[in-house]
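Heads up, the thing below is written out as structure tokens.
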Amino acid sequence: METTTTERRRLFATEKVGGRAVYRLQAATVAAGILLVLYYRATRVPAAGEGRAAWLGMAAAELWFAVYWVITQSVRWCPVRRRTFKNRLAERYKENLPGVDVFVCTADPHAEPPSLVISTILSVMAYNYPSEKISVYLSDDGGSILTFYALWEASMFAKKWLPFCRRYNIEPRSPAAYFSESEGHHNPCSPKEWSFIKNLYEEMRERIDSAVMSGKIPEEIKLKHKGFDEWNSEMTSKNHQPIVQVLIDGKSQNAVDDDGNVLPTLVYMAREKSPQYHHNFKAGALNALIRVSALISDSPVILNVDCDMYSNNSDSIRDALCFFLDEEMSHKIGFVQYPQNYNNMTKNNIYGNSLNVINHVEMRGLDSAGGCLYIGTGCFHRREILCGKKFSKDYKEDWGRGIKERGHENIDEIEEKAKSLATCTYELRTQWGNEIGVKYGCPVEDVITGLAIHCRGWESVYMEPQRAAFVGVAPATLAQTILQHKRWSEGNFTIFLSKHNTFLFGHGKISLQLQMGYCIYGLWAANSLPTIYYVMIPALGLVKGTPLFPEIMSPWATPFIYVFCVKTLYSLYEALLSGDTLKGWWNGQRMWMVKRITSYLYGFIDTIRKLLGLSKMSFEITAKAILCGMIVIINMPIYEAMFLRKDNGRIPTAVTLASIGFTTTAAVGEGEYGRQGGVQIPFQAATVAAGKLLVLYYRATHMPAGGEGRAAWVGMEAAEVMYTVGRPVLCPVRRRTFKDRLAERLPTFKQLFTTISLNTFNMSFGACMKKKLDIFVCTADPHSEPPSLVISTVVSVMAYNYPSKKLRVYLSDDGGSILTFYALWEASVYNIEPRPPAAYFVESEGHHNLCTPKEWSFIKILIDGKSQNVVDDDGNVLPSLVYIAREKRPQYHHNFKSWAMNALICNNPIILNVDCDMYSNNSDSIRGTLCFFLDEEMGHKIGFVQYPQNYNNMTKNNIYGNSLLVLNEADIYEIEEKAKSLATCTCEHRTQWGNEIEIKYGCTIIFTELAINCRGWESVYINPQRAALLGVGPATLAQTILQRKRWGHPSIPRDYESMGYTLRICIILYEALLSGDTLKGCWNGQRMWMVRRITSYLYDLIDTIRKLLGLSKMTFAVTAKVSNGDEAKRYKQEIIELGSSYPEYVIIVIVALLNLVCLVEVILCGMIVITSIPIYEAMFLRKDKGRIPSSVTLASLGFVMLAFLIKY
């Protein structure tokens, strides 16, 4: 009876995912097979000259795969899911909820259209949460007047949009997403009212888009807000003063919507930038937001969302608070993470960007180990943990912080003070970016920041509500996918090679299981080398007659086959269970290879170069007898792009010819012959464990003699060993929240949302304003991140199903663009819709004029949720909306997004951080998060709640495998001026910002998350049924490779990297179908699996090593959020985009051509040829702009020819 009573009091529940007994049985058999493979490889080493070198290479690769497989099992050992009880939260805390600051970051009004940004802004302003407790901050790292204009428009439109959202409880609350989804479905509102609001939104969007295309803001508009005076003709995106403008002051009596309700605070920030100072990319923007928001709203909770990840669940804040406010567990929860979802995924996930398996399997496994990763968007943080707070059992959170009168300071004074916090010099000689704030020095500042949080003793929670909390836009081209994964893999590999290596930095601070979980992603880049070896050497061995695998009738063929088959089937099961289609799973497998040989390869190279000081920061296929055949099948799109396709997405002739040249040279090379028999397909399957052991045993005991392919044999063995080591032993979990329980604990909570009378709201201020939530949105360039896209995200998080008075949205504009500020202003007034990327780039071609940011901090509160006049059309309070452009100077490093995040960090107890392109797709995301933070038993140790990253532009078959403050009498402008001082370049100088405080500098958000965990906090990963955030996935192969190079992220689980490719495909197909992929999507995933490993992961590994050696510095590439009409058309048709002369394409073409040559020797190679058909089409047949450039084809041919000439 006592147990039942205790369970009923909890604000969230943790449930173990079923089916673990069967999984552990298959894992044990796979382990046995791996051991047998390694034993075979070690005991069958050929004599010198008989392919010994190749055999040893195979043994080394297999050893690596074996180790990596072991590491990756950590996330599947015991996964959990979370459930929140928002009804209990309402019953227990009633109106005494914390304030929330929302950070939205954007950087380029062209890459991230302002109309998209303000859609996100409006979505987070409309949370189902007291508006006076929501403050929204937009960080514009591009410092664009276009973004500021869009935000100003949003601040006006919010007065009508927020009442509309509350009146009909609509979902999603991003106007762009809502009107797109509800076309023809006007219920529950009347068609007349629906059309009226839609027309207002479309008119605002047209004004914003017109301004972006023309690069000019109408003079009559500039007279309507003093913030436009911050821009002049001398400003550039890389050299401007800090800008902080409060567009809505939630504490002002005038900050009300059309219904008389308080509006959320809305602030625009463009931190200072100067060529003399490194701005630290998104991390720098976030750190600037942290400081600026602390001065303006100081909510205890911070929500960070990307500008393209709109709020899709208005209860996300309440879900998160169920973790933070739980009496029993909340004291150790540092952050609540929601999954990252996308709304532009094709049915079959052509570029493998869906992250379904990551969200449904791996993040739950990390959650069970005490902390899911902080993925940089859709995450609610305690403000204190971002400021370097270490976990203590005696620590008591002040959930009422930020709910206070400003005294006699007016908004102008506050803005000036805030500017000093966003200067280039503020962080000099401080711990910002190190111990304070988001970590610097790494492309994935989010992961390292979360790691730091975990190492400080905090736990995190992963919350995956039924309705996604956030929905964004995934890369829609292969080039975008490659670019994104290059940055991810490079950043994670940098962490692995740095002092923040989880086994060193986390030793004694976090569990071994969690240490292994972090290493899954840290070793993405390193996987590129054995993968490339495994997809090239066996093909060359077939041509030269060097046997690298046991013969078909040999008993040693059994472990190779079994390991591959079981692992492939299990991967297919997971993919289908996670929502992938069969084709989507296949696309994921394809992109897995593409990313490894492109994104991860270049990420590896760039990392090494940076370590050696040669560059600045910017970015395996399983070996089996049927390996070449599978690689050929995977590369079918490559062959199609080389020889068949006629569109612009075909491989350029230069690339095709160069690749043919290299292939021809390799084919005519003189080979050394050893034992007869060659490679044959294993005929039976025992167990995966026994199979891998036998494979490795064969490789070791059949080593060729020197000069007989020994080098190739050794290389194959090394690759097989690495595949054997494939996956950590985490115990994955899934989270479920009980928002009804959250609400039950707040009996009068409904009054906070249904009351229209402002006087009624005032009566409850004393209680409800003690808990606030800040939402951070970061942007950097109005060209790469169009203000319309950023504002779409801002609007979506403003529209959360959370009290507007307790919701504050901060937009950090690291570009300091007046365009971003304008977009945010538009969002505060009207509704906008992000223009389709293709159409946007076509219409905005050649426009760059007025998107240049100033040379000083710029912070403006567009909506002050504490103002009685800031209400929506229904008279309800609007969330605070703040624009921040931290100061930037050339002489100061701005630490990218980490600095922007640190500048945004405020004193509200909860912070939601979203990327500017990840709009809120679930208006209940905050409520779901609160179910973790407010849970009595577990909430105390949860440092942050992480939502998964989802995309809304995935193709069907996954072609590329890819909060306002309470009203008071103070003036809003005083806060804006104070906030500006917090966004200056010098604000972090000689401080711990970016080090011990806030987002870590010098790396990625992973560092910050690690620091949070190491401080004792736990984190939670929550993946609601309706995605909390939706973004845009890579829509071209180049984008996919680039993304994977940065992430080091294959689209499918890594334990598919086994010895027998047939078995591997079966497991992969199983996991893909389990994750929700289509069959074709699974196939696309197979293709991209290879592409990523030989491109993204390889280059990321190289980049990481170079960075560690001091040979290069860290750079930050903003993933393009828009694409032209031609690319968008091919993406929707699921035609792979290969029409760019990317160096990564050379490797892809080389692999495709090498195995095409082997097809002449053995029919098995036909599999990889079929897979590479799109590559061949892009090389030889396609005539569109998506074909592979001729230079790439020629270079690839040359390398292939050279490879065949090499003796091994």
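We count from 1, first residue shown onward.
Cβ from N, Cα, C; glycine included.
So that you can see what the record holds, here are the features copied from TrEMBL:
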type: TRANSMEM; residues: 21-41; note: transmembrane segment
type: TRANSMEM; residues: 53-71; note: transmembrane segment
type: BINDING; residues: Glu112, Asp141; note: UDP-alpha-D-glucose binding site
type: ACT_SITE; residues: Asp141; note: active site
type: BINDING; residues: Lys282, Asp306; note: Mn(2+) binding site
type: ACT_SITE; residues: Asp446; note: active site
type: TRANSMEM; residues: 518-536; note: transmembrane segment
type: TRANSMEM; residues: 556-576; note: transmembrane segment
type: TRANSMEM; residues: 621-639; note: transmembrane segment
type: TRANSMEM; residues: 1145-1176; note: transmembrane segment
type: TRANSMEM; residues: 1188-1206; note: transmembrane segment
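Feature annotations (TrEMBL) mapped to structure.
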residue	record	CB count, 10 Å
Glu112	UDP-alpha-D-glucose binding site	52
Asp141	UDP-alpha-D-glucose binding site	49
Lys282	Mn(2+) binding site	43
Asp306	Mn(2+) binding site	44
Asp446	active site	38
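Tallying C-beta pairs under 8 angstroms between the transmembrane segment (21-41) and each of 53-71, 518-536, 556-576, 1188-1206 places 556-576 first.
If you check the recorded positions Glu112, Asp141, Asp446 against Lys282 (Mn(2+) binding site), the ones with a Cα inside 10 Å of its Cα are Asp141, Asp446. Looking only at the binding-site residues Glu112, Asp141, Asp306, the one with its C-alpha closest to Asp446 (active site) is Asp306. Of the recorded residues, Asp141 (UDP-alpha-D-glucose binding site) and Asp306 (Mn(2+) binding site) place their C-alpha atoms 13 Å from one another.
Calculated from their C-alpha atoms, the gap between Glu112 (UDP-alpha-D-glucose binding site) and Asp306 (Mn(2+) binding site) amounts to 10 Å. In the three-state DSSP scheme, Glu112 (UDP-alpha-D-glucose binding site) is classed as coil.
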